[in-house]
Amino acid sequence: MGRKAKFDETKKVKKGPGRKARKQPDPVFKKELLIDETTTEKKLTHRQKQRAAKRSKKKAEIVEKRKALKQAKKNVAKQTEVVLDNDENDSDEEIAKGFTDENKEWLKPKQKVSKKQKKPVAADSDSEEGDDDVDDDGSEVSEQSEAEEESDVEENVKNKAGKKKAGGEKYKVGTLDDLFKDSDVENGDATSEDENESSNKLEYDSDSDDEEKGSDDDDDDDDDMLPIEKANIKLKKKQKEDKKLSEEEMQLNIAKQDVFAFPSEHELQNPTSLQDVLQRIKDVIHVLGNFSNLKEEGRSRCEYTDLLLQDLCTYYSYNEFLMEILMQIFPVQELIEFLEASEVARPVTIRTNSLKTRRRELAQALINRGVNLDPVGKWSKVGLVVYSSTVPIGATPEYLAGHYILQGASSFLPVMALAPQENERILDMCAAPGGKASHIAAIMKNTGVLFANDANKERTKAIVGNFHRLGVANSVLCNHDGREFPNVMKGFDRVLLDAPCTGTGVIAKDPSVKTTKDQKDIQRCFNIQRQLLLAAIDCCSAKSSTGGYIVYSTCSILPEENEWVVNYALKRRNVKLVPTGLDFGTEGFVKYRHHRFHPSLKHTRRFYPHTHNMDGFFVAKLKKFSNVIPEPFKDEDDEDIEAKQNGDDQTEEETPKTEDTKQAPVKRSAPTDASQPQKKKNKIDAQTSPSNAAQDVKTIESTEKKGNNKKKNKNQKKNKKNKQNMDNSTEVKVNNADNKSSSGKTETANKPQNENVNKKNKKNKQNMASSTEVKVNNADNHSSGGKTETANKPKTENINKKNKKNKGKQNAVNGSPSLKNESASVTPTQNKTEVVQNNQSPNKKKNKKKKGKNQSPNPQSQPINKNENKITEKVEVAAATKLKEKLNKKKKQIGQINPNKDKKPAKGQPGKNFKKNKA
Amino acid sequence: MKVLSEERTRILFEKLTKYIGVNVKQLIDRPDGTYCFREKKDRVYYISERILHLAQTVKPDHLISAGTCFGKFTKTNKFRLHITALSYIAPYAPYKVWVKPSSEQQFLYGHHIIKSGLSRITDNTPKHHGVVICTMSDIPIGFGVAARTTAECRHADPLATIVFHQADVGEYIRAEDTLT
């Protein structure tokens, strides 16, 4: 916007004081400057001219050189050099030669002839080529001719002279093209045709612009080269290239083979750098890809995979256990992709809260705040991916106002699979921190009822915050152990179970997973997951008109936590797998190692970080078709198998406590975290005991022990006589029975008892011999059972205390207190049986003095609840001394048990139980 | 989940009236079912009776929250509205204050609103009446009490407080544990 220069000097700006003061005059330019630049040439000095001439010469040379290079013919190059040697003038002359009027006439006939002959000529050259090249077909010839015909048609529009030149050039160009084409790759018919046409046209234009240069060289080449020569050159070149390539390949192969020699022990123990390890990983993968050819002599595939495992562990810093499992899940190449993807964080995604805003509005608002985002994909209408942001995405006013929530893309999937409907009653069993649950509420549009449950009270605060922030008003938040939830409420239309898992799908989020997980953790996880899933299925109502669906999801990719758990539930509940409604993701495994899952497991969906760019995830959708809980008898086999498979590993924690695996299965049934208060259990027992006590006894060994001395005796016998396997099987059955009974409380109640028993067992073990230990353990179990059940009755406790004091350390025999406990526990549930048991217990206490019925001892024997711990200690101390006594007792007890049995059947259920036990 | 006592109901509604005036009755008479106020551990929850029935099946010890928490009664038996009630107060509030984008963040950290941060204010806002604070894009971000009338605001000092801060959505981050 500067001043406007007035180049026209005729207009003179007014001069004067006032003018000057106001405005600067326009700039004045010298006349010379205003003259056209064309005149400047005149001012060139002689030397300058010379230089300019040289420059132009050089330019021409370069152009020609390039063309020569293009042709890539040595002969041609020579010719061009020759041409280059000539002066510009010469070349001009040549040009003049080529395109004078005289030549025109000369060209015309040639053109005409060529037009007629063109085809034959072209055919000649091509046919020659065809002769030389095995690859060339006659089809090319026809294409060529077609192209020329077309070009002819075009030419009609233009001048004749132009036609001729163009035609001639085209012809040449066409042959050149052919050459190049051949040297490169043979194109398809259509493409080659097109190329011909287009190239012809292009050449035509360029030539018409500057007719001389291009035509010069071409003329020269064509003049000097016969088609057969060209073909020959081309062929030679091609052969050369082939040879070169094959040599390179050979060397590459050799190199690769040379690169990988199986490292020595020393090398393995002293890794030099991560780079080397990475290289070795690549090499090993290469070898594994073509094992039969590339393997080193005398090396097995196993060795290579082991090496790979080691290297992957070091390079990606996993522990061997997890890496081994991952190697079982993925093929090698995919494994690497997975590991790489697990190193990188997934993109941040947010979910629009459709209760408060719409995605477009939210996106606009966030863009205004400097957030760079995009829709997450066509599959979701509420998801947005955040690429970058100038503000903290978790603290914008929009976020605080509840317009969106930070949520991984994978977390949308289970809710989408659940497909909640309005006015339904829905349960989210493991809801914290409320992302999926609020998604459900948003889809329901705040209608119906949403139960959000989480076992961790601290984490429920996050649900409260998120729900209120997002404006979810139809929710009930509660803090139950999910496994107990069927006791709280049933009849939900849909249930979402996003089970706690090892988190092997979200290694990018929490890298500690790499090193901290082992078999024990996985077993703990899938045990809980199984129980949760069964509970979730129990909560769901098959009679719901709109629902009856359960969605099970984890952020783990291990089949143990996914397919296996679902498969387990399929066997134990009347559910079937249905398609998740997610149109992407990979199908779940039907086979995994030695497992053969139900074929319908293909309806489940797996998501991987490396293929779907979201966290590793698993989603299964189940439909419940009957509220009846099927008999678990069929499953016994499976259970046994599983128990054997897992038994060793599953109960790692437990096994140390119990010397033998005998009790391990019992523990397995009981979850590891039995943190539930005993009061509840006791209450529950008290409530259910009159009716269900017998069932409980049947179901769980510990309860059995509590309930009946007979059972104890049997168990003892079994322990002594039977093998561990037997115990396992029986225990498994017991577990099944638990599931059937569906009384979560009873199960949970038993868990702590078992733990106690275990502890006691340990102590006992230390002190006692193995055989005797078994007995002691049983006794201990009895006592523990007694504790829990009797806890409710203070009177009995007091009595027990008294008894203890009275009998003092003399009676501290292991067997006696335990027996007392048992009897006490039984008493509340079964009146008559209790009496009988009590009778037994006193007998035991007194060391078999009284086999008959002693009602008086009953009140005394009942105690022990609070004192159990003390008692156990005493028991431990005295255990050794009374082992022999116990042996004797057992025999007597067995005898006593029979009368008990007779009495028990009178009450009904308990009697059945006993029968079963006997059987 | 127990019914509010007569006394507490009165206190609650007096408080609500300060913010949403006569619209209180719209909270009670709703077309989509009957809603009620229930008290649990001094917290007041606003909940549909339909949901309430279901919520009552959960033992009180295990029930964390149901419906929407409006606030709590203090030990001195005063009612204090929580930010969680905002979603019900904001639509009905007759008096609102809009803040400039530059002072949004300040308010979200728990500060009062000063004149320089004030963008708009509803006409005829009386002194010491409850107001809802909104951003310029009409997103409610909290509520407070008007320190001055609209008329007084015009002539107020740039640093003078216009609205006393009572609750803001920043508490969802700052005080998640004490929300309910």
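We count from 1, first residue shown onward.
Using the three backbone atoms N, Cα and C, a Cβ is placed for every residue, glycine included.
Note that the structure is a prediction, hence the values are computed from the model and not measured.
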Given ranges A:228-258, A:569-599, the stretch to which TrEMBL attaches the annotation coiled coil: A:228-258
Same S-adenosyl-L-methionine site per TrEMBL - residue from A:ASP454, A:ASP510 joining A:CYS430, A:ALA431, A:ALA432, A:PRO433, A:GLY434, A:GLY435, A:LYS436, A:ASP481, A:ASP498: A:ASP454
Spatial neighbours, same chain, of A:CYS555 (active site, nucleophile) - Cβ under 8 Å, 6+ residues apart: A:SER410, A:ASP498, A:CYS501, A:GLY503, A:GLY505, A:VAL506, A:ASP615, A:GLY616, A:PHE617, A:PHE618
Model confidence over the domain 'SAM-dependent MTase RsmB/NOP-type' (A:338-625) (mean pLDDT, whole number): 92
